[in-house]
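If you check TrEMBL, you get these features:
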DOMAIN    176-528  domain 'DNA2/NAM7 helicase helicase'
COILED    280-324  coiled coil
COILED    396-423  coiled coil
DOMAIN    557-718  domain 'DNA2/NAM7 helicase-like C-terminal'
DOMAIN    775-897  domain 'DUF2726'
Amino acid sequence: MNIEKNLILVKGEDQTSKIKYCKYENGKYIINYLGGKSYKYNYNNVIWLRDHNEVNIENKVIYLNGKALNGVEKLIKFESYIKVIYKNKYTQTVPKYEIRVEESCLNDKKSKNCFEYFKEISREIGLTIDGSKNFLEKQYDKISFISPNSVLSYYLNPKDIKKNNYNDTMIFPFRFNLSQKEAAEKALSNSISIIEGPPGTGKTQTILNIIANILLQDKTVAVLSNNNAAIDNIFEKLKSNNLDFICSVLGKKENKDNFIENQSLRYTDMSSWEINYEKLQKLKQDILNSQTTLDNMLQKKNELARLRQQYNDLNIEYKHFLQEYIYDKTEVNRFKSLFKLNSDKLMNFVVNMKLSNTEEYKVTLKDKLINLFKYGIVNFKIYKIPINELIDDIYIKYYETKNTELTNEIHSIEKELHNYNFDNEMKTYSENSLAIFKNYLYTKYSKNNERPQFTQEDLWNNFDDIMREYPVLLSTTHSIRNCISTNYMFDYVIIDEASQVDLLTGVLSLSCTKNIVVVGDLKQLTNVIEERDKIICNDIFKRYELDEVYNFSNNNLLSSISKLNKYIPRTLLREHYRCHPQIIDYCNKKFYNSELIVLTESNENDNPLVLYKTNEGNHARGKVNQRQIDVIRYNILPTIEDINSIGIIAPYRLQVHNISEYVSGGIQIDTVHKFQGREKDIIILSTVSNTVNDFIDNSNIINVAVSRAVKKLIVVTSDFENTKSNIGDLINYIQYNNLEIIESEVSSIFDLLYKSYSNKLLEVLKKSKKISDFNSENLMYELITNILSYEKYNFLDVAVHVPLKMLIRNINKLNSDEKKFVLNPWTHSDFIIFNKINKMPILAIEVDGYKYHVESEKQIRRDMIKDNILDKYRIPNIRFRTDGSREKEKLINKLNEILK
C-alpha cells in the first residue's frame with residue numbers, strides 16, 4: 001500500500017509498509033501482507049486512516065518529544081497521527097501531540113538582517129581554535145535554522161520577555177544570601193535574566209544553586225565562560241560535594257576526547273543519599289518553615305553590616321572633624337541638659353537654632369519655653385553663648401552620641417543573631433537542601449547498575465542521551481555549538497564572566513538555549529577588541545542599520561543584553577565577602593554607588609591600606625618603573641613574613657616581567673587582566689607610570705586591582721593625588737582613611753554630619769509655614785540629586801548649607817571683610833558637591849532669589865564677597881536664579897568641565 005496515502009495501525013503499531021491490501025467485511029478487517037499471509041482482525045484492533053495532508057517542512061525543524069529530528073524528508077498528517085518519513089526511507093508514526101514543527105526566526109526580515117550582520121563579521125575577523133582557522137565563520141555557516149523558542153530569536157528581534165511558571169520550593173544546597181536568592185528566583189522565572197556580580201559577592205555560589213534547582217525540574221543546563229578557569233571553578237565546587245559525575249566537560253577537541261576516554265563505568269556510591277518519602281516530606285517542610293526566619297535574619301545581618309560601615313565612617317569623619325576644624329573641645333560639656341539628647345534631637349535643635357536665630361531675628365522668650373519643653377533646656381545661659389560656638393559644641397556631642405547609638409544598635413543585632421544561632425541554622429538549611437538534591441540524583445540514577453558508555457559519534461547523533469545522563473555541560477562560549485548535535489536546545493545556558501564574552505561568540509551561545517542567565521560585571525574587565533577589527537566591524541555595522549546594542553565594537557555580551565530591554569530582570573549581588581571593609585569601600589563608593597553590603601569585619605589594629613609614593617624623577621621608562629620595583633624589593637617585601645600570601649599586580653606585562661626577575665618564587669606576579677578571578681591576602685599594586693594615562697587609570701582595571709586584596713592593599717605609585725583620576729582618588733582615599741595630614745586650604749566635607757543636618761532641615765521645612773521661602777532650594781536639591789544619580793556621577797554627593805567657616809581651613813588669604821564674612825555663623829554655601837572618595841569639595845552652588853537680589857544691594861555685595869572667597873580657594877562656583885532656565889543642562893556642563 002502507498003504509505004504516504006494510507007496509515008494502518010494494527011494493535012497500535014503502524015503496519016502500512018508491510019501490507020499489500022486491506023478491506024473491511026462483516027465487522028472485521030481482512031489484511032493481506034506482502035509475504036502472502038492474510039489475517040482477520042476485530043474492528044477495535046485496526047485503525048485505517050486515508051484522509052491525509054502533507055505538512056510543509058521547508059526551512060523548518062521537527063521536534064519529537066522535544067528532540068530535534070534530523071534527515072526528515074516528509075511529514076504526513078493522518079487525523080490525530082503524524083507519519084515521519086526520513087530520507088533513508090525509514091518511517092515513524094507518532095501521535096500528533098508528540099510532534100512540534102518550528103519555523104526559523106530567520107524568516108523574519110529584521111532577525112535575518114541582524115544575523116547576517118554577525119555572519120559577515122565572522123567572515124571578516126577570523127579566530128583560530130583547535131588549529132582551525134576562521135573557526136567562528138564555520139560555526140555561523142552551519143546555522144541555517146534558529147528556533148523561535150531560542151533566546152537568540154528574542155535577541156535578534158526583542159519582544160515581551162517570556163515568563164516561566166516556576167512554583168516549586170527552591171533549595172539552596174550551597175548556602176545563600178538575600179541577593180543570591182533573588183537572583184536564583186528571577187533566573188528560574190524568566191527566559192532571560194542578568195546577574196551583576198561585583199568582586200567577592202558569590203557568583204559561583206549563586207550559579208551552583210541555580211544549577212541544583214534546574215536539575216530538580218529534570219532539565220538540562222550548560223555553564224559557559226570565555227575561559228576555562230571560570231568553568232573549572234564550577235566543576236571543582238561540584239566535585240568537592242561528590243557531584244562531578246553529573247557533569248560533562250566538553251568544548252575543545254581535547255576535552256571531548258578526554259570525556260569519551262575517561263567515562264566512568266559505574267556511578268558514584270549514592271546508597272547513603274536515599275531518603276524515604278516521610279523523611280523527604282519532613283525535610284521539605286523544614287525548609288519552608290525556616291525560610292522566612294532565615295530571610296529575616298539575613299536582613300539583620302545586612303543591617304548589621306550597614307551599621308558597622310556607618311560606625312567606621314563616622315569615627316574616621318569625627319577624627320577629621322577634630323583635626324581639620326575643631327582644635328579645642330574642652331568646653332564641650334558645659335550644658336548637661338542639652339547633651340542628654342539623642343543624635344536626632346541634637347540635630348533638630350541645630351536646625352531650629354539656625355532657622356530662628358539670625359542676624360535679623362533673635363531668640364524670644366517663647367522660643368526659650370518651646371526649647372525647654374521640647375529639648376529639656378533649663379539653663380537659659382545657653383542663649384548667651386555665640387551661636388557658632390554653641391553649634392560647634394553640639395556637633396562634637398552629635399558625633400559622640402551617634403557613636404554610642406550605633407554601638408548599641410550593633411550589639412543588639414549581634415546578640416539577636418547569636419541567640420538565633422544563625423550560622424548553625426544556615427548550615428542546617430543548606431544540608432537539608434543538599435540532602436533533597438542528592439535524593440533526587442539517587443532516584444534518577446539508582447535504577448541502573450552500570451553507566452551508559454558513549455562514543456564520539458554519540459556527540460552528534462545521540463546528544464540528547466548524553467545530556468540525560470550528564471545534565472550539566474561545561475564549555476567555553478566559542479566551542480559550545482561545536483560539541484552538540486544539530487538543532488539541539490538546552491533548557492538553560494548560564495554564561496559566567498559575560499562582560500568578557502564578545503558578541504560574536506555570545507550569539508552562538510544564545511542560539512542553542514530556551515533560557516539564559518547572564519552573569520558578569522561591567523565594572524570589571526571586559527573583552528578586548530583589536531583596533532584593526534574595530535575599524536572593519538564599524539564599517540560593516542553602518543551598512544546594516546541596526547540598533548547600537550548590536551554594535552560588535554562597542555559591546556560585549558553583558559552590555560548588549562543589558563541595553564536590549566530595560567525590563568529584563570536583573571539582580572545586583574550586593575553582599576560582599578572577600579576584602580577588608582576599608583579596601584572594598586573604595587570600590588563601593590567609587591564604582592558601585594555604595595550599594596554593596598560589606599560582610600567582612602575589621603578591628604582597630606588593622607592596617608589595610610598602605611601607600612608608597614615614589615620620589616620624583618625619571619624612573620619610569622615606558623612600561624617599566626625601576627624605582628617602584630626597588631621600593632617593592634627593599635621597602636615592602638622584607639616587612640612581610642608569609643610570601644605565599646602576596647600577589648604583585650601591575651598594568652603592564654613588561655613591569656611584571658622585570659619584577660619577576662628580582663623577586664623570589666612563591667609570590668604570584670601578574671598583570672591586572674590575568675589576576676581577575678583571583679585573590680591574595682596582600683596585594684601590592686605598582687602603577688608604573690609617572691603620568692596618568694587612559695590605560696593605567698581605566699576604572700575597570702583599578703576596580704579589579706584593588707578588589708584582589710583580602711587583608712591589605714599596598715599601592716606603590718607616583719604622586720597622582722592632585723589629578724582628576726581614579727588613581728588620584730585611590731591615593732586620596734588611602735590618605736583620608738589613614739588620617740594623613742594633607743596640605744590643603746580647604747577642609748574635607750563632613751559627609752555624615754551634613755547628611756544628618758540636611759535630612760533634618762528638609763524635614764523641618766516641609767512642616768514649616770515658611771516653606772515657600774525655600775521652594776527654590778528644594779527644587780534645586782531635587783535637580784542635583786537627580787543628576788548625581790547618573791552612573792557617570794555616582795562617586796559624587798551633595799551637602800546642604802555648608803558653613804563657609806567649616807569649608808575654609810586657612811583664612812590667611814582673606815582680607816578683614818572676607819574674614820568677618822567667613823566667620824559669620826549664618827554664611828553658608830547653599831550646596832556643595834563633593835567627591836565621596838576623598839570628601840573634597842568640587843563645586844559650590846548658589847540659588848539666588850530673583851526679587852531679593854534685584855532689590856537688595858547688600859545681598860549683591862554679600863554674593864560678590866562669597867564668590868571672591870571661593871575663587872581664592874579654587875572652589876568652582878555656579879549661581880542659578882530662580883527665574884532662570886536650562887538649569888539641568890548648565891549644571892551638567894559645569895560638572896563635565898570640572899571633571900575632565
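Note that Cβ sites are derived from N, Cα and C of the backbone, with glycine treated the same way.
Only residues 6 or more beyond the boundaries of the coiled coil (280-324), in the same chain, are considered here, and those with a CB under 8 A from a CB of the stretch are 169, 171, 177-178, 181, 395-396, 399-400, 402-403, 406-407, 409-410, 413-414, 416-417, 420, 422, 425-426, 428-429, 432-433, 435-436, 439, 574-575, 581-582, 585, 597-599, 601-602, 736-737, 739, 741, 747-748, 750-753, 809, 839. Panel annotation: around the coiled coil (396-423), residues 293, 297, 300-301, 303-304, 307-308, 310-311, 314-315, 317-318, 321-322, 326, 329, 332-333, 338-339, 341-343, 346-347, 350, 752-753, 756 of the same chain, lying at least six beyond its termini, place a Cβ under 8 Å from a Cβ of the stretch. Mean pLDDT for the coiled coil (280-324) in this predicted model: 95.
Broken down with DSSP, the domain 'DUF2726' (775-897) shows 62 helix, 30 strand, 31 coil.
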